[in-house]
Amino acid sequence: MINRNHRPLRGVLSDPDEPAAAAALAHRLDLPLLTEPPETPALFLHHSRNGLALRSSGSNAPGPIRVSLDEGRQGQRLRQASLKRETLARACGLRGGRSLRIVDATAGLGRDAMVLAALGARVTLIERHPVIAALLADGLRRARRSHPELAARLHLVEADSLQWLAELTPAERPEVICLDPMYPAGSTRGAVRKDLQALRELPDWPGLAPVDEVALLALARASATARVVVKRPGRAAPLAGKAPDWQLPGRSTRFDVYRGLAGD
């Protein structure tokens, strides 16, 4: 979810409605506590009564980015979710009355994970960037109040996917692992929704090395008992140059499906 066009992350904006929460988050992330938005173009976190949001300052800045089960396109997608409408669900092998254990190893804002949970899957979300993990944690906290049944099927882990998958015991291995890595080099910015561009512009975090996509795909296949599903732009090369066992095309993206090896 991170690219080279970074913008500075200035800190956490204190809010009269949530001053203690803003201060606690700033302390945990080791970021400055702001009393007003940055004057120059930059990113900042804002903790208000509406939840935690990643915001941008400057002209033509997109609106706040937060994790929500009710707002905008995501809310509409969840309300309309069905096995027939969601190509991702079919790629994962979801069927009516069947509850799968799925790991979303590149969770991002958790939008696909929420849809899978709405369709009955139990989903573990793995996110390694502390800022994105904080957005997810806040969204799931609010979801436990507004959508308790759905939220109960979502479990967030702030960790590096390679390390987390490597430590799974045989009994803990999921049926399905989903990967949605950053769009490959050469993809146009137009391929990325405007409300997600700020997320892609987050600066690198200390201690986080670039994702080794070859190792991640190999370990995901070794850890999944049924399949690995990789979300790709429609015309992009397969992840790590590894041809999938089969594909399911969508409008602008496709799902490359690899047979899991842990069930052999």
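Each Cβ is built from the backbone N, Cα and C atoms, and glycine gets one as well.
Under the heading S-adenosyl-L-methionine binding site, Swiss-Prot lists R111, D112, E127, R128, D180, citing sequence analysis as support. Summarising the environment of E127 (S-adenosyl-L-methionine binding site), the number of other Cβ atoms within 10 Å of its Cβ, over all protein chains shown, is 26.
Candidate binding-site residues: R111, R128. Fewest other C-beta atoms within 10 angstroms, R111.
Its Cβ taken as reference, D180 (S-adenosyl-L-methionine binding site) is surrounded by 22 other Cβ atoms within 10 Å in the chains shown. Counting only same-chain residues at least 6 apart in sequence, those with a Cβ under 8 Å from the Cβ of D112 (S-adenosyl-L-methionine binding site) are L88, D104, C178, D180, K231. In the three-state DSSP reading, R128 (S-adenosyl-L-methionine binding site) counts as coil.
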